[in-house]
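Quick look at what Swiss-Prot annotates:
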- T2: phosphothreonine (MOD_RES)
- T2: N-acetylthreonine (MOD_RES)
- 29-46: transmembrane segment (TRANSMEM)
- 118-133: transmembrane segment (TRANSMEM)
- H118: chlorophyll a ChlzD1 binding site (BINDING)
- 142-156: transmembrane segment (TRANSMEM)
- D170, E189, H332, E333, D342, A344: [CaMn4O5] cluster binding site (BINDING)
- 197-218: transmembrane segment (TRANSMEM)
- H215, S264, F265: quinone binding site (BINDING)
- 274-288: transmembrane segment (TRANSMEM)
Amino acid sequence: MTATLERRANATVWGRFCSWITSTENRLYIGWFGVLMIPTLLTATSVFIVAFIAAPPVDIDGIREPVSGSLMYGNNIISGAVIPTSNAIGLHFYPIWEAASLDEWLYNGGPYQLIVCHFFIGICSYMGREWELSFRLGMRPWIAVAYSAPVAAATAVFLIYPIGQGSFSDGMPLGISGTFNFMIVFQAEHNILMHPFHMLGVAGVFGGSLFSAMHGSLVTSSLIRETTENESANAGYKFGQEEETYNIVAAHGYFGRLIFQYASFNNSRSLHFFLAIWPVMGIWFTALGISTMAFNLNGFNFNQSVVDSNGRVINTWADIVNRANLGMEVMHERNAHNFPLDLASVEAPSINA
C-alpha cells in the first residue's frame, strides 16, 4: 500500500512538472524544447562573455603563433573576438577533458568549439520551441519555418564551412572585426560576390527591408480614424481588438496609383506571405551558397575571359576583382605559408610579353 501511494505521489509530481513545462499560461513558455534550449544558450552566452573578456591568446593557425582576441589582452569592443579553435585540432571534438590541462585547452581555442556547439543546439531548440508553442495554441507552423533561415545561416558559417574546409580554425570568429575578416577571406578564397546564391541572398535581405518599410509606412498612413481631428488617431484603438485598424483598400489604391495597379496586393494573406517568404528564401539560398563553397564549389570565375584577335587579354572588372582577391589572400595567414595557393600553383607571367 505504501509503495502504491509513493508511486502515485511521484506520478503526480511528474504530472505537475509536465503540465508546468507545457503550460501556455506561463509568462514565458518553456516547453520540452525549452528544457534543452535554456541550459545550452546559458552555457554558450556565459562562456562567450568570459572568453571575450579574459581568454588568453589562441594558436589559431597551429604554428605556435598565438593570436590575442580578448579585452584583457589588449583588444577593444571592435577588435575583440573569441578566436576559433586551433588548426592543430582540426575537426576533432575537443572538450575540456581531452586536453592535458586547462591552459592547453585555452591555448588551442577550446572555448570557441564549446560556444559554437552549445549555440547550435540552443538555436535549433528555440526553433523547435516556436513550433511547439504554435502547436499548443492551435496556430500554423510558419513562424518556425521562417526562423529556419537564420538557423541555416548560422549553421553554414559555424559548422558546415569548417567541416568542408577541414578545420574549426576556418570558422567565423565571434566578434565584430573577426566577422569582417571572415567575410574578406571568404571573398578572397571563394569569390562569393560572383556566386548566384549570394546574389539571391542580397536581393532577399535588401528587398525584404524595402518591402517591410513600404508595408509599415502604408499601414501607418492608412489607419481607420476613430477619433476627431483634435484627438490622437491612436486613441481610437485598443490592444487585441477584433476590427482591422487600417484600410487595406485605401493602401492598395494609393500604391496602385503610385506605381501601377498590379504592383500592390489587395489580399492581406498574399501580402504577408510575400513579406515573409522573400527574405526567408534569400537567406536560405545564402546559407546554401556558403555550404557549397565550403567544399570549394566557388563563385563564377571570368578572369582573363576576354581576349583580342592576337590572344592578348583585355582586362575586365572580373580581372580587377581577381587581383583584389589575390591581395586579400596574401594578407591572410601571412605567416602560415609563403604564398596563397592561387599564386603558388601557376607559372609566373613572362615579362617580355
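Cβ atoms are placed via backbone N, Cα and C, with glycine included.
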Same-chain residues at least 6 beyond the ends of the transmembrane segment (197-218) whose Cβ lies under 8 Å from its Cβ atoms:
251, 254-255, 271, 274-275, 278-283, 285-286, 288-289, 292, 299
Compared by Cα position, which of the binding-site residues H118, H215, S264, F265 is the closest one to D170 ([CaMn4O5] cluster binding site)?
H118
Round to a whole number and give the Cα-to-Cα distance in Å for the pair F265 (quinone binding site) and E333 ([CaMn4O5] cluster binding site).
51
Fewest other CB within 10 angstroms, which one of the binding-site residues H118, H332?
H332
How about long-range neighbours of the transmembrane segment (118-133): same chain, 6 or more residues beyond its ends, C-beta under 8 Å?
24, 29, 31-34, 36-37, 40-41, 43-44, 47, 139, 141, 143-144, 147-148, 150-151, 154-155, 158-159
Among H118, H215, S264, these being the binding-site residues, pick the one whose CA is nearest to that of E189 ([CaMn4O5] cluster binding site).
H118
What residues in the same chain, six or more past the boundaries of the transmembrane segment (274-288), come closer than 8 Å to it by Cβ-Cβ distance?
142, 145-146, 148-150, 152-153, 155-156, 197-198, 200-205, 207-208, 211-212, 215, 265
Of the binding-site residues listed as H215, S264, E333, the one whose CA lies nearest the CA of H118 (chlorophyll a ChlzD1 binding site):
E333
Non-site residues, in chain order, whose CB comes within 8 A of the mean position of the CB atoms of H215, S264, F265 at quinone:
M214, L218, A251, H252, F255, L271, F274
Can you tell me the CA-to-CA distance separating S264 (quinone binding site) and E333 ([CaMn4O5] cluster binding site), as a whole number of Å?
50
Calculate the distance in Å between the alpha carbons (Cα) of H215 (quinone binding site) and H332 ([CaMn4O5] cluster binding site), and round it to a whole number.
43
